[in-house]
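Asks: According to Swiss-Prot, the protein carries these features:
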- Ala13, Ser14, Ser15, Gly16, Arg17, Thr259, Gln304, Gly402: ATP binding site (BINDING)
- Cys68-Cys222: disulfide bond (DISULFID)
- Gly83, His236, Asp237, Thr238, Asn296: substrate binding site (BINDING)
- Asp237: active site, proton acceptor (ACT_SITE)
- Cys353-Cys370: disulfide bond (DISULFID)
- Cys413-Cys417: disulfide bond (DISULFID)
Amino acid sequence: MTFRHCVAVDLGASSGRVMLARYDSKHRTLTLREIHRFVNCLQKTDGFDTWDIDSLEKDIRLGLKKVCNEGILIDSIGIDTWGVDYVLLDKQGQRVGLPVSYRDNRTTGIMPQALVQIGKSEIYRRSGIQFLPFNTIYQLRALTKQQPELTAQVAHALLMPDYFSYRLTGEMNWEYTNATTTQLVNINTDDWDDTLLAWTGAKKSWFGRPSHPGNVIGDWICPQGNRIPVVAVASHDTASAVIASPLANKHSAYLSSGTWSLMGFESKKPYTTDEALAANITNEGGAEGRYRVLKNIMGLWLLQRVLKERRITDLPALIAQTEALPACRFLINPNDDRFINPDDMRAEIQAACRETDQPVPVSDAELARCIFDSLALLYADILHELANLRGEKFTQLHIVGGGCQNALLNQLCADACGIRVMAGPVEASTLGNIGIQLMTLDELNNVDDFRQVVSANYDLTTYIPNPDSEIARHVAQFQPKRQTKELCA
């Protein structure tokens with residue numbers, strides 16, 4: 001067969017999309033077409049920040065039906081989403097309550113309990129995962145302690161992409177790359193860790209053994225009656241994005257830029273040393289047994305909140321105004337946990353500047369400048385941490401995802417990090433999702449083979465660092481500004 005048609009369902013914390021890929025195996029060309037795009041946002045339910053899971057499922061099914069109604073024979077479907085959040089099911093496989101978002105404050109104070117009762121080094125030795133207050137381990141502890149009546153009804157817990165696959169196929173699956181984000185998977189066995197799971201109060205019977213990407217979960221029956229395989233892709237969206245990152249060699253780092261920024265490198269081994277623990281480095285699962293050694297950065301969430309609060313719709317115009325402003329007048333630590341979900345992001349940024357005796361950004365452009373400069377300097381700081389961890393410098397940084405369209409931030413990143421930046425592809429998570437499907441269909445050999453396809457089909461933009469830029473002169477001064485309460489213990 002010359003042509004393959006695969007559908008990627010890619011859900012982010014702010015939007016979702018159903019994308020159709022067409023792969024020509026003879027010429028190794030790959031094209032994407034957006035079929036359906038929809039909004040994903042938090043809602044308040046009984047005092048909790050929850051996801052409208054039924055609306056998301058409705059939009060997923062609508063997108064799939066649109067493809068089928070075009071008369072296209074779909075070869076496979078794959079679903080990726082953000083990590084850590086989950087859906088609870090009862091014995092009949094029916095949903096129990098609504099899934100609570102990782103941004104909800106129910107986990108406040110939970111992580112410190114684990115550090116005392118289990119021990120920080122012991123948790124890290126077992127999981128190899130960074131300490132974030134909203135990791136699934138702490139969410140489950142909050143659930144079992146705060147909602148025992150709800151907990152009593154639970155028979156299964158599925159992570160978000162596995163839930164949607166279950167709704168399409170009727171088959172339950174626990175995909176490995178996303179499972180590792182829970183901080184509950186043992187890094188040595190690739191299975192759920194009994195000690196960590198027991199601490200949460202959740203039952204091990206709620207979970208099946210994690211499966212690696214590339215297996216067929218089951219079939220979705222389309223309106224025309226065709227049975228279409230649903231593939232377990234690398235269902236954590238960052239894992240999919242990394243698969244589509246055209247990393248040139250071992251000296252290349254990646255930055256998946258969106259609501260969150262995930263900066264790291266690929267490795268055949270995990271890093272769980274005391275140095276890695278001190279830097280709060282995570283070792284999330286990847287495809288083909290690789291590890292995604294990385295750090296979470298708050299990312300463009302800060303900007304997204306400012307845009308929403310200020311009702312700004314013309315982002316290019318705002319960026320143009322921002323670029324005209326002097327650099328580094330206002331600097332914050334984007335990873336300060338005060339920015340996780342404040343009532344007023346603009347006011348929170350202003351307060352952070354005021355508390356550190358800096359000028360206070362007032363205009364929208366000044367707020368954006370503060371965010372961009374601070375992110376670029378944090379990227380440089382974390383890239384330095386990662387290089388020290390592996391004992392080797394990086395020569396190139398690949399920025400993928402929606403954030404790679406921000407040319408100003410890309411250049412600031414190159415200047416601050418002092419290395420060449422390659423930006424693209426934009427739809428990295430979708431492409432990585434498609435890549436695993438094509439491998440499962442025996443159209444591609446492995447991840448490296450797929451990256452050659454990506455490089456041949458998608459243009460990348462190069463940014464050369466300017467060592468004389470204003471931001472480059474602030475790199476050494478930024479470290480003290482990070483001495484705030486970050487997203488870690």
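Even glycines carry a Cβ here, placed using N, Cα and C.
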Asks: I'm trying to understand the geometry here, so how far is the Cα atom of Ala13 (ATP binding site) from the Cα atom of Asp237 (substrate binding site), in Å to the nearest whole number?
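Replies: Rounded to the nearest whole number, the Cα-Cα distance is 10 Å.
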Asks: In Å, how long is the longest CA to CA span across Gly83, His236, Asp237, Thr238, Asn296, which the record gives as the substrate binders?
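Replies: Between the most distant Cα atoms of the substrate site, 14 Å.
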Asks: Which of these recorded positions is closest to Ser14 (ATP binding site) if you go by CA atoms: Cys222, Asp237, Asn296, Cys370?
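Replies: Among Cys222, Asp237, Asn296, Cys370, Asp237.
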Asks: If you count other CB atoms within 10 A of each CB, which of Ala13, Cys222, Cys353, Cys370 wins among these recorded positions?
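Replies: Top count of Cβ atoms within 10 Å goes to Cys370.
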Asks: Within 8 Å of the centroid of the Cβ atoms of Gly83, His236, Asp237, Thr238, Asn296, which other residues of that chain place their own Cβ, given that this set defines the recorded substrate site?
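Replies: Here the non-site neighbours turn out to be Trp82, Asn178, Thr181, Ala239, Ser256, Trp260, Leu262, Glu284.
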Asks: Take the C-alpha atoms of Asp237 (substrate binding site) and Cys68 (disulfide bond) and report the distance between them in angstrom, rounded.
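Replies: Counting only the Cα atoms, the answer is 25 Å.
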Asks: Of all the disulfide-bonded residues here, Cys68, Cys413, Cys417, which one's CB has the most other CB atoms within 10 A?
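Replies: Of the disulfide-bonded residues Cys68, Cys413, Cys417, the highest Cβ count within 10 Å belongs to Cys413.
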Asks: In the three-state scheme derived from DSSP, which category covers Ala13 (ATP binding site)?
Replies: coil
Asks: Of the residues named as ATP binders, Ala13, Ser14, Ser15, Gly16, Arg17, Thr259, Gln304, Gly402, how far apart in Å are the Cα atoms of the most distant pair?
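Replies: About 18 Å separates the two most distant Cα atoms.
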Asks: CA-CA, which of the binding-site residues Gly16, Thr238, Asn296, Gln304, Gly402 lies nearest Cys370 (disulfide bond)?
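Replies: When the Cα distances are compared, Gln304 comes out closest.
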Asks: From the recorded positions Arg17, Cys68, Thr259, Cys413, pick the residue whose C-alpha lies nearest to the C-alpha of Asn296 (substrate binding site).
Replies: Thr259
Asks: Counting every protein chain present, what is the number of Cβ atoms, excluding its own, within 10 Å of the Cβ of Ser14 (ATP binding site)?
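Replies: So the Cβ neighbour count for Ser14 (ATP binding site) comes to 17.
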Asks: I'm trying to understand the geometry here, so how far is the Cα atom of Thr259 (ATP binding site) from the Cα atom of Cys417 (disulfide bond), in Å to the nearest whole number?
Replies: 21
